[in-house]
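*Asks:* I have a structure here, written as structure tokens, and I will follow up with some questions on it.
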Amino acid sequence: MSVNPEFIADGIDFYPTTPDAAYFNAADGKNKVNRINGNSENLHHSFASGCRRSSLSVDFNVTSSDSEKSEQSCLENNSQEDEYFCDIFSTELKLDETSNKSTDYSSSNHQYPEQLELHNYKLLNKIGEGAFSRVFKAVGINTDDQAPVAIKAIIKKGISSDAILKGNDRIQGSSRKKVLNEVAIHKLVSKNNPHCTKFIAFQESANYYYLVTELVTGGEIFDRIVQLTCFSEDLARHVITQVAIAIKHMHYMGIVHRDVKPENLLFEPIPFYGLDGDMQKEDEFTLGVGGGGIGLVKLMDFGLAKKLRNNTAKTPCGTIEYVASEVFTSKRYSMKVDMWSIGCVLFTLLCGYPPFYEKNEKTLLKKISRGDYEFLAPWWDNISSGAKNAVTHLLEVDPNKRYDIDDFLNDPWLNSYDCLKDSNSNSYASVQSILNDSFDERAETLHCALSCQSEKQDDTEFSRSESSEYIFMTEEDRNLRGSWIGEPKECFTLDLATSSIYRRRKNKIFFW
């Protein structure tokens, strides 16, 4: 098979500004980043200095026009996604309306041009930048809620322009339909799902699209890997379990993410509590709380997510180091591409470098297609056989033999030590023991554990009532257990009136 990969920047990615890892963006014509050096002695250094991957659509022997037509056809023919659009924009601007009006913010001399057409929010500072977008920390105007949010401003002229040729790299803006698809899916999957970044609002003006989401205060899991080199098995399990719960929630609804990677995992920070007054090691794992500063983990960036029809998709896309082999070797692929990506993430968490790395792109694709990776010494010497077994089942080249999401959540290693355990309890509530409960019960068990130590620090009745949220799931939705098969009969909804109620702690926000 002849593979001729080309990379197409999707143009609406979140590029966080961090001092810990180098990356290049498509705006500078450098959308290809340095790959990990094949010399195993330099693995961690290479990963830290040049391995940040932007979200790229990977086009393997598929013309951009054919790929675009395929995606557009699926969107236009999918009445349920049209319903999502109607639901999202019912209280916002209509799809065909734009506005040249500026916000009512008093100053006319704005620091950021994006502020001129933005309503109801004040941009405070830039926290990220992409080829056709910038991300800002912002606060609401004329509202009692002053909690900061993240706003991604996507410039229209950037995403509607024709393909721009940069040497051998082809950079193409995303269509308006793709932006609306991202918004629709983000709103749907984040509803009552604590492990996806929360969608707040969407605005469209004459020159920009604005996506308003929650501000996740800890940063990327990628940066913690760079800082800590690698995670302990307990900490890796703590992170990957939450990622799996987020993917489970999406797969319930027939949605595949297609870009799971450390750069797309954010976390809420937790403080370090030393023993007997001594500061603990930064990467030490605390039962029921977390470690490495990592508490609640959230999946972000739904620009490549898609609601599947007939349980399969055919558009090749993703981030090459984390993309499953069938994406570029088969005509169609299933939700199990997310499981491959989870395997790549778990591998990276445990040893500090990804399973597939190669300077030459064709060689890299061949390695992925063969599942050619190794548990190299010394990084894997002290990692348990259970962890290696979980990785092996996730990085199975044959998708029919690969773990699905339920297989992974039932994996013995994932259940051998429980990051969901409440440290007040002497018993373990393992993932396996609660799989027969609803999604929100599993998530709530985790939140109870994560919040336990915070509750001890601030145990007043006022703080408990003011800093809590509720997670809901209807009794009718309990039949969604197990792997998703077929199209949902109706939109996946969680109804307040008929739900079981679960309370979780929400930590106060301190950011940048």
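Including glycine, each Cβ sits where the backbone N, Cα and C put it.
Annotation comment: Swiss-Prot describes 121-414 as domain 'Protein kinase', evidence class sequence analysis. Residues or ranges marked as ATP binding site by Swiss-Prot: I127, G128, E129, G130, A131, F132, S133, R134, V135, K152. Sequence annotations record features per position, and here Swiss-Prot assigns active site, proton acceptor to D259. Annotation source Swiss-Prot lists region 'Calmodulin-binding' at 502-512.
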*Asks:* Roughly how wide, in whole Å, is the group I127, G128, E129, G130, A131, F132, S133, R134, V135, K152 that binds ATP, by largest Cα to Cα distance?
*Replies:* 15
*Asks:* Measure from the CA atom of the residue listed as 'active site, proton acceptor' to the CA atom of I127 (ATP binding site) and give the result in Å, rounded to a whole number.
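*Replies:* Between the Cα atoms of I127 (ATP binding site) and the residue listed as 'active site, proton acceptor', the distance comes to 21 Å.
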*Asks:* Here are some recorded positions: E129, D259. Which one has the most Cβ atoms within 10 Å of its Cβ?
*Replies:* D259
*Asks:* Please work out the mean pLDDT for the residues of the domain 'Protein kinase' (121-414).
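*Replies:* Result for the domain 'Protein kinase' (121-414): average pLDDT 86.
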*Asks:* Between the Cα atoms of S133 (ATP binding site) and the residue listed as 'active site, proton acceptor', what distance do you get, rounded to the nearest Å?
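*Replies:* Each residue's Cα considered, S133 (ATP binding site) and the residue listed as 'active site, proton acceptor' end up 18 Å apart.
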*Asks:* Between the binding-site residues I127, A131, V135, whose Cβ has more other Cβ atoms within 10 Å than any of the rest?
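*Replies:* Of I127, A131, V135, the one with the most crowded Cβ is A131.
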*Asks:* Could you give the Cα-Cα distance between E129 (ATP binding site) and D259 (active site, proton acceptor), in whole Å?
*Replies:* 18
*Asks:* Around the Cβ of S133 (ATP binding site), how many other Cβ atoms lie within 10 Å? Please give the count over every shown protein chain.
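*Replies:* The answer is 28 other Cβ atoms.
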